[in-house]
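Below is one structure, written out as structure tokens, with a few remarks after it.
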Ligand SMILES: [Cu+2]
């Protein structure tokens with residue numbers, strides 16, 4: 001298969017996990033951007049609450065230590081303080097629920113798609129079907145995507161992440177991805193897209209993609225599926241719509 | 001190299017199937033095509049559309065399986 005981006009080395013970006021990474025991979029979809037923003041918004045509340053609670057705890061331990069307080073307090077309850085420490089956290093939860101729910105509903109939104117791509121999990125590789133287009137023999141595009149074994153890697157390729165045939169998708173286009181499996185449970189996941197969709201034999205799960213920039217995105221099977229679960233990575237190549245169309249017509253003529 | 005015109009189009013969103021689970025969407029389009037072609041014939045443009053849609057949605061293996069079952073008269077749906 002021709003990887004279109006090979007002709008345009010300047011636009012190659014590799015959206016892939018880094019060593020010792022603790023943050024997110026760069027987002028490529030509006031939803032992933034939303035998730036990252038929500039994460040940092042929540043981090044603000046987490047920091048404020050942790051500092052406040054630790055400070056209260058520290059002060060209590062320091063000032064009410066037994067040597068300074070020979071006679072223990074007999075206070076067991078106080079209605080006002082209990083109201084305050086119940087209502088305040090409930091109120092904070094309500095506030096952070098607002099952006100959280102709007103994001104949740106945005107994720108489920110299926111906008112009328114222009115392209116449907118089916119991805120099937122197998123033991124242990126992914127296969128992709130592009131059945132929107134048929135050639136004269138009524139054949140559609142259909143191929144398997146196997147991991148490249150370590151000994152066949154070229155310089156610059158990622159160990160346990162590179163595949164022989166990438167999934168190719170256009171940018172700035174609403175894409176429907178139908179995820180299913182041929183044998184056991186798998187899960188199709190690409191962190192930069194926030195995609196994680198269970199692949200279930202006998203069931204078709206739908207997820208939508210809208211990619212904002214060209215690039216090569218890496219993901220892995222995310223449902224333990226047997227001995228080679230760790231060796232069925234996902235590589236998605238996002239390119240412009242004209243490039244995608246010419247890739248499709250080349251594939252159809254093969 | 002033969003000329004193939006690519007139209008970027010696919011099965012539309014269907015209000016009957018608003019959920020993540022699209023299994024019945026594929027199944028319904030398959031049945032709709034066969035119901036249509038029974039009345040109007042395989043090559044009718046109305047029916048051809050349903051065929052395009054079920055091909056877009058259903059895994060190839062499923063379609064092949066259902067076609068075989070139909071030929072053998074063992075299809076588990078309305079004939
Ligand atoms: Cu798997």
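Note: Cβ is positioned from N, Cα and C throughout, glycine not excepted.
According to Swiss-Prot:
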type	residues	note
BINDING	A:186, A:221, A:225, A:232	Cu cation A1 binding site
BINDING	A:221, A:223, A:225, A:229	Cu cation A2 binding site
BINDING	A:223	Mg(2+) binding site
TOPO_DOM	A:1-37	topological domain 'Mitochondrial intermembrane'
TOPO_DOM	A:59-83	topological domain 'Mitochondrial matrix'
TOPO_DOM	A:105-254	topological domain 'Mitochondrial intermembrane'
TRANSMEM	A:38-58	transmembrane segment
TRANSMEM	A:84-104	transmembrane segment
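Here the features listed in Swiss-Prot are painted onto the structure.
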residue	record	Cβ within 10 Å
A:186	Cu cation A1 binding site	31
A:221	Cu cation A1 binding site	24
A:223	Cu cation A2 binding site	18
A:225	Cu cation A1 binding site	21
A:229	Cu cation A2 binding site	17
A:232	Cu cation A1 binding site	22
Practice problem: Round to a whole number and give the Cα-to-Cα distance in Å for the pair residue A:229 (Cu cation A2 binding site) and residue A:221 (Cu cation A1 binding site). | Solution: 7
Practice problem: Using DSSP reduced to three states, classify residue A:186 (Cu cation A1 binding site) as helix, strand or coil. | Solution: strand
Quiz item: Reduced to three states, what secondary structure does DSSP give residue A:223 (Cu cation A2 binding site)?
Solution: coil
Quiz item: When the topological domain 'Mitochondrial matrix' (A:59-83) is classified with DSSP, how many of its residues are helical, how many are strand and how many are coil?
Solution: 10 helix, 0 strand, 15 coil
Practice problem: For the recorded Cu cation A2 site, whose residues are A:221, A:223, A:225, A:229, find every other residue on that chain with a C-beta no more than 8 angstroms from the centre of their C-beta atoms, and list them by sequence position. | Solution: A:121, A:124, A:184, A:185, A:186, A:187, A:222, A:224, A:226, A:232
Quiz item: Relative to the mean position of the Cβ atoms of A:186, A:221, A:225, A:232, the recorded Cu cation A1 site, which additional same-chain residues have Cβ within 8 Å?
Solution: A:121, A:123, A:124, A:126, A:187, A:199, A:222, A:223, A:226, A:229
Quiz prompt | Averaged pLDDT, computed only over the residues in the topological domain 'Mitochondrial matrix' (A:59-83) | solution = 87
Self-check item: Cα-Cα distance linking residue A:223 (Cu cation A2 binding site) and residue A:186 (Cu cation A1 binding site), given in Å to the nearest integer
Solution: 5
